[in-house]
Structure formats: C-alpha cells, structure tokens
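Feature list (source: Swiss-Prot):
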- Ser66, Asn117, Glu162, Asn169, Tyr193, Tyr244, Val262: substrate binding site (BINDING)
Amino acid sequence: MINNVNQEILRAFVENNRPLAHDGRLPTYIPALMNANKQDFGIHITELDGNSHYYGSFQIPFTVQSISKIITLAMAIMDNGEELVFSRVGMEPTEDKFNSILPLEMSSAYPPNPMINAGAIVVTSLIKGRTAGEQFERILDFTRALADNKNIQVDENAFLSERETGNMNRSLAYYLKDANVINGNVEEILETYFRHCSILVTAEDLSRIAYIFANDGKDIEGKQLIPAKVCKIVRAIMAMSGFYDESGEFAVRVGIPAKSGVGGGIIGVVPGYMGIGLYGPALNNKGTSIVGFNVLEELTSYLQVGIY
C-alpha cells in the first residue's frame, strides 16, 4: 500500500462524487426501499491493525439485501463442505441480470454462481436448521458475530414488502424445486431468504464484516470465525460475480473483491489490508450505488490496492 487514508481524504472522495446521486434512482420493485434519501452517503474503513476511518452517514441503518449472500455462502460451505455446495451451484460469472431465469433454462437448471438470486436461494436452502426460523436465527447470529454488533436486527417492513412483491424470486425457487436442485419447502426457504436480505446494517457493520474476509476469517482478537479457505473462495466469487452483469467493469475500474446490494450498500475487501463498507441508496442502471462505485474507484486508485 503506497498511500495512507484519513478522514480528509474520504471527505474529498465523497463530496467530489456526491452530486452523482442526482442521476441515481431508488428501486421501485421493493416498495420499502423507496423511502431512502438519495443524498445520504457514508463510508467506513477498518484496517487490519484495528484502526478505523469514516465519513458521512456511516451509521445510518439500511437493509443488507444481496450483500447477505456472501454470509450465507460462507455458512453453507462451513455447514456442508465446498464439494456439496458447488455440486448444486456453479462458480462461473454470468452476463445475465441478478434475477434472470435464463441461465437456469439454458443449462442444467443449476445456477451458474451463488451471487445471482437463483444461486443464493440454493445456498440458503443448504443452511443447517430444523426449521426456517432456526435457519434464520443462525444466519442472524453469524452476521452479528462477523460485525461484532449484537444489536443487528431485521427490518420487518422490508421483509414483508419483499415477501409480498417477490414473485420473480418465487418463480426461480419453484423452478429450482421442480428441477430437484433444492430440497425442502419452497416457501420456508424463501422466508429465510427474504429475511436475511432484510437484515439492517450500517456501513460500519459492513466494514467490520469485510475485515473478517480481509483477515482470512479472523476477528480483531485473532479468533477464527471463518476458515481461511472459505474466505478465499468467497473473495474469489465476489471478484467474479459480486456485481452481476457489471462485475467486469467493476474489476477493471475498482479491482477488489466486493458485493453490492440494491439497498445501497457495498462491501469491499482488500485482502491483508482492510475492509470497506459504503452506503449510498441512489443506484445506477445496474442496481449499484452510483456514488459508492465511484468513491471506491477513486479510493482504490489512491491507495493502489487493486488485486489485479
């Protein structure tokens, strides 16, 4: 790493890109997300030595949405082993949209990767638990442990909104069930899926979760929360597929493992250096925080930390 980061540097990057929020949009297909303030933006960085840097609205809670997929992927591998998980879902990037059924129809019905919705539904079905409630409590507890925040909860309004309007996800799940890719009760699997996408986090929480993945699964005290090999797998999947059909552009412009969510969050991992959490609800036409994408591009260029 060539340059050090500080609050003034972060302020400059954020304020330089904040006007882009005017051109962003809020997602209309999840009504609960339409109440966000497009001008909000926050960033939080946790370095491996424990030092933190932050600016803006880094403590505003928002729903984690698809960023939860990296947590459930790690759990599914820890619960079942990578061989079983990747016998149900692939590792390959795709040019299709995150909620497209086309990859399932064009192949053997197995989702190409765990980051698209179909793949994440398969991964969710593999989380251990006697009931959907027990499954979700394990996911919530694990999220709290990774973020070192026992107060993380679910946004019940967002959950109900997603459950009510999630017909595309429902169609994906029933397609997967019909093809024998997933086992169990479809509605219970979707209940768990919608709930873990509705977990409330902050940019600070994301930065602390990213820290774990940057530190090969260890927390600040050295406790191994995720096996190092699992972290490596998740980072690789993030790098290839974390931004769906925008992943290639993100790799070129930003160049670190990261995952976006339509709630406006981005989690970024700089292996061996830092975890990054960002929140900016104004989205570009691919469903990524428009300010967050550009701030990360400037930040990684300044720090010279791109993995490529």
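The chain as shown is numbered from 1 upward.
Just so you know, glycine gets a Cβ as well, placed from its N, Cα and C.
Here the features listed in Swiss-Prot are painted onto the structure.
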residue : record                 : CB count, 10 Å
Ser66   : substrate binding site : 22
Asn117  : substrate binding site : 23
Glu162  : substrate binding site : 24
Asn169  : substrate binding site : 20
Tyr193  : substrate binding site : 29
Tyr244  : substrate binding site : 24
Val262  : substrate binding site : 21
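Among Ser66, Asn117, Glu162, Asn169, Tyr193, Tyr244, Val262, the residues given in the record as binding substrate, the maximal Cα to Cα distance rounds to 20 Å.
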